[in-house]
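K.L.:
My structure is below; once you've seen it, I'll send some questions.
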Amino acid sequence: MEFSELIRTGRAQAELLPGPEEAPLRGTLCVTGHHLLLSPGPPSTPDLWLLLLRSVDSIEKRVAGDSGTITLRCKDLRVLQLDIEGVEATLDIARSIEALSSLESVITSFPFFYRPKGLRLGDAWHFHPPERYYKRVARETNAWRLSEVNQDFSLCPSYPRAVIVPRAVDDDALAQCARFRQGGRFPVLCYHHAPSGTVLLRSSQPLIGPQKRRCAEDEDLLRAVLTGARPGAQGFIVDTRSAQAAKQARMTGGGTEAKAAYPGWKRLHRPLERGRALQESFVRLVEACGDTEQSMDRWLSRLEGCRWLAHVKEALSTACLAAQGMEREGACILVHGAEGTDSTLLVTSLAQLILDPLSRTITGFQELVEREWIQAGHPFQLRCAHSAFSHARPKHEAPTFLLFLDCVWQLGRQFPLSLEFGEGLLLALFEHAYASPFGTFLCNSEKERCLCEVRTRTHSLWSGLNQPKEQRKLRNPLYVPNPLAIWPSVEPQSLRLWQGLFLRWTRPPEPSEVAWEKVWQIVTEREKTGDSAHSFCLSPQPKQ
Amino acid sequence: VEQVKLLDRFSTSNKSLTGTLYLTATHLLFIDSHQKETWILHHHIASVEKLALTTSGCPLVIQCKNFRIVHFIVPRERDCHDIYNSLLQLSKQAKYEDLYAFSYNPKQNDSERLQGWQLIDLAEEYKRMGVPNPHWQLSDANREYKICETYPRELYVPRIASKPIIVGSSKFRSKGRFPVLSYYHQEKEAAICRCSQPLSGFSARCLEDEHLLQAISKANPVNRYMYVVDTRPKLNAMANRAAGKGYENEDNYSNIRFQFVGIENIHVMRSSLQKLLEVNGTKGLSVNDFYSGLENSGWLRHIKAVMDAAIFLAKAIMVENASVLVHCSDGWDRTSQVCSLGSLLLDSYYRTIKGFMVLIEKDWISFGHKFSERCGHLDGDPKEVSPVFTQFLECVWHLTEQFPQAFEFNEAFLLQIHEHIHSCQFGNFLGNCQKEREELKLKEKTYSLWPFLLDDLKKYLNPLYSSKSQRFTVLEPNTVSFNFKFWRNMYHQFDRTLHPRQSVFNIIMNMNEQNKQLEKDIQDLESKIKQCKNKQSDGVLTKELLHSVHPESSALKTSLCLKEQTLLPVNDALRTIEGSNPADNRYCDYTEEFSKAEPGVVSLEYGVARMTC
């Protein structure tokens, strides 16, 4: 298929209507295979790159007289308005954008064509989180091993090739376990908490079914986890569904661990919202944030009605519960919901951020996202197919990853010195998860990424972000390594709406950004003066 | 009283600290087993409540005006009853002379005390604004408080307004509060004036009042019309007409534009805050209950209304060059809020520490905001208590959030002022008007708050403040609903568990100071190096050079020490984190669930079983 078939009109005269405090822009509008460009005036000036077509969430066209207006609502929540000369041109451009922005095929997507200067293909793809992480675990304990049982993705299509499992369990037993868990997601290690010697595991629901099936290997695996931790250790299974829902899952072949079959393990139910309900909450919040005229009461009631902050609170407190179980109770924690690819990952990744100081550095956080989200099989392509503006009926869309980023932002607000990254990195991850020139968030699992050769044919977001010019946007200037666990407050009074994301485009650039710039200035000045004071101290020395 | 337990307000697991409770003449003191002291000033106590006896003892809940709530459990009921009764007596004084300020002695002599009172000089402030001038003059009409008891002695009025006009106008205004100057904008030659409502009823007129208003608009050479802003909701103003009061009839006054801005009265504000505090005090509050409570209380709506009114003022002056006359009913609550906030938006001087003190002295204290009644300093009518000044501080806080670089002071400064309007430790906020304060001889018997705040100046400085930036001469805040947030640090100032665990402020403050110190070191070192070079060229070597190197290395040491110091505040911050163990938070209360979880599930299973049967 050629992109040109989809482009009905390549060019038209158009005017970009201004956002808050920006001047309107006139020029030639141009639709290419992946981009929408607006070139303002004389040929010598560089083109203004407008946006990636992939990031268009919905498009609305209106015609009046001999010109038309199209409104583009983007996945990063930006809204753009274009006035276009000519009715035909308007309709053609709208149709082209519509067609091009909803292409399903992965290998024709922009990351496969994007070749930025200064980056080499395959640069950051040596990033093998499970393997790298295993090296760290192996230094702390030898109760665990790296298994390559999933080398060809036959056991579990949504797991990476290598997983960390108890040393006492062999690959054959793992194969049995995989058959007993939905989607083959048998329990694997995601975090070893060295100070208490406990571990955090994740899996999918066991396939108990109406007949109350059992699986000896699965039971052995969980027993081995406890004996590997320390004699007499306890375990908690955090089920992210309500007891009722877990029970009902039996009808469709799922269920939750029976108490009798797993001695030493206790079950806790912490229902977390997922799927469509979460997506709806997101849509309603964004709607509320788009209305600048509403009264105070209306705004507060919409903020309440969308329930987004309630979801943030639930996610954070469940993660705290898991973290606390490990640190304070000295217990091993297994987290699962139904499929184990959404709320499960939310809980395990947040719990690590709370407990593990390394995951709060820039590299550590990137590894955490890569290991606990991308490689752990969060279906990004399905979940992030549409953002809050799409009129299409949501099928698999859910802003689980965004909810995770929001929780991290809340942590960062409560511990402003303890995260090495700032809001910039979180915003960048949000944007790139929904539409990106990089290949990192493509596909739904490691298996699909291998089939599409994402690693060899696209650039990694991590190498893009780790270029020196990007650093200032992403870093937290006030970072001071903090070796302790960070326990956030989850009271409603302590949680705030993430204005930097949800209101990013509806309000003029805030003076607070200027203030942030000032903080940077103070910090760099301090480094400079500190350094030069140092060099002065050193320089007179040789004269002696 | 020993063996008293202090409960954590938000913990659902009833964890507590045990310690000893002491009652002094001025404070309630609780010392827990870690020797940590909690001091509560008797004047801060808003209410004491004795709850029903429980197995562990008699619960005593104390609510403070600075939003601290403490929950004690006293083992013996008799003790509890005694404490309860003494606190009731101690917290409500009948006479001004019994208030703390009259016994507070910070070990200063009389001249220092006088200096403290002279720190803020309002005559100086009017001079700074540019009055008197050809259009405005000082009037001696109220020199002996003859025309208006609640105004200060010194008032500025238009030069062309004669004394009979002033006297006539004052008779037509509620409580004699005739239109006077509150703020003069030198550049635009426009003024903010304030007064109380006219006694217009349904049809009454007063020529002198009409003349005075005309004089005010004529005092503005640029613009002939002026705005008259009634800060009340229209309905309230209409209702007042039946009582012979009301608002200006546009037909009777030439060149005025009349405007209502709809800020609710003190009773609405009091109950709004009450509702807000009830919501916040709930244990195990859910996010949805919090927001619906916030909405139902209407608190943020009221804050927005005050802010919008102030913006209206600033715009009228900046955009239209028009003078504004502001009033409400009596002209001492809403009028003070709107006039002071309006001037704060217009004039960057009021955003400095000193300027903010001047602003409070001018628009609140001298123009007769009834601090003693509004804050309930004495045992009086509870219907007169209202958080009007608290709202003003909250509006200022919202501005500091929107313009983090525009204010010389920080949040702690606002909180400290709020603390002291209720503390009765200093004389500034005692009494209801200047006349009453003079009768109480406050300046001879009590101390002024401001010098004590200035002593701690460092604590209240905003490290991000940039005084030079011209961008911030006039603030234009955006009052979109999203920009109004719940002020956690005010209403939960004492609930440590709710606060961010690390403070950016101190860190930046320290960095700034170190930067300055290091820069100074560099200069020192550079000059010394120059000296060295000179000496080298002179050919005088060895010994003297060695000498010059030595002091250098001491400077080097100081700079290195400074580097080490950088770590210190960080350690402080860490300590606070260490303090924040999960037990401080609510999810800790799920610990019980660790043990209880299974039975809960089992019973549910029974439920399901029964249902299927």
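Heads up, the Cβ atoms here are built off N, Cα and C, so glycines get one too.
So TrEMBL says this about it:
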type	residues	note
DOMAIN	B:116-491	domain 'Myotubularin phosphatase'
BINDING	B:Asn265, B:Ile266, B:Cys328, B:Ser329, B:Asp330, B:Gly331, B:Trp332, B:Asp333, B:Arg334	substrate binding site
ACT_SITE	B:Cys328	active site, phosphocysteine intermediate
COILED	B:508-535	coiled coil
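For each listed feature, how buried is it and what is near it?
P.N.:
Long-range Cβ contacts of B:Asp330 (substrate binding site) within its own chain (separation 6+, distance under 8 Å): B:Ser174, B:Lys175, B:Arg177, B:Ser196, B:Gln197.
For B:Cys328 (substrate binding site), the Cβ neighbour count at a 10 Å cut-off comes to 27, with all displayed protein chains included. In three-state terms derived from DSSP, B:Cys328 (substrate binding site) belongs to neither a helical nor a strand segment and is classed as coil.
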K.L.:
What is the one among the binding-site residues B:Asn265, B:Trp332, B:Arg334 whose Cβ has the most other Cβ atoms less than or equal to 10 Å away?
P.N.:
B:Arg334
K.L.:
Let me make sure I understand the span of the substrate site: among B:Asn265, B:Ile266, B:Cys328, B:Ser329, B:Asp330, B:Gly331, B:Trp332, B:Asp333, B:Arg334, what is the greatest distance between any two Cα atoms, in Å?
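P.N.:
Largest Cα to Cα distance for the substrate-binding set is 12 Å.
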K.L.:
Hey, for the substrate site built from B:Asn265, B:Ile266, B:Cys328, B:Ser329, B:Asp330, B:Gly331, B:Trp332, B:Asp333, B:Arg334, who else sits with CB inside 8 A of the CB center?
P.N.:
B:Ser196, B:Thr231, B:Arg232, B:Thr335
K.L.:
DSSP on B:Asn265 (substrate binding site), three-state: which is it?
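P.N.:
B:Asn265 (substrate binding site) sits in coil per DSSP, no helix or strand.
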K.L.:
On the three-state reduction of DSSP, what should I expect for B:Arg334 (substrate binding site)?
P.N.:
helix
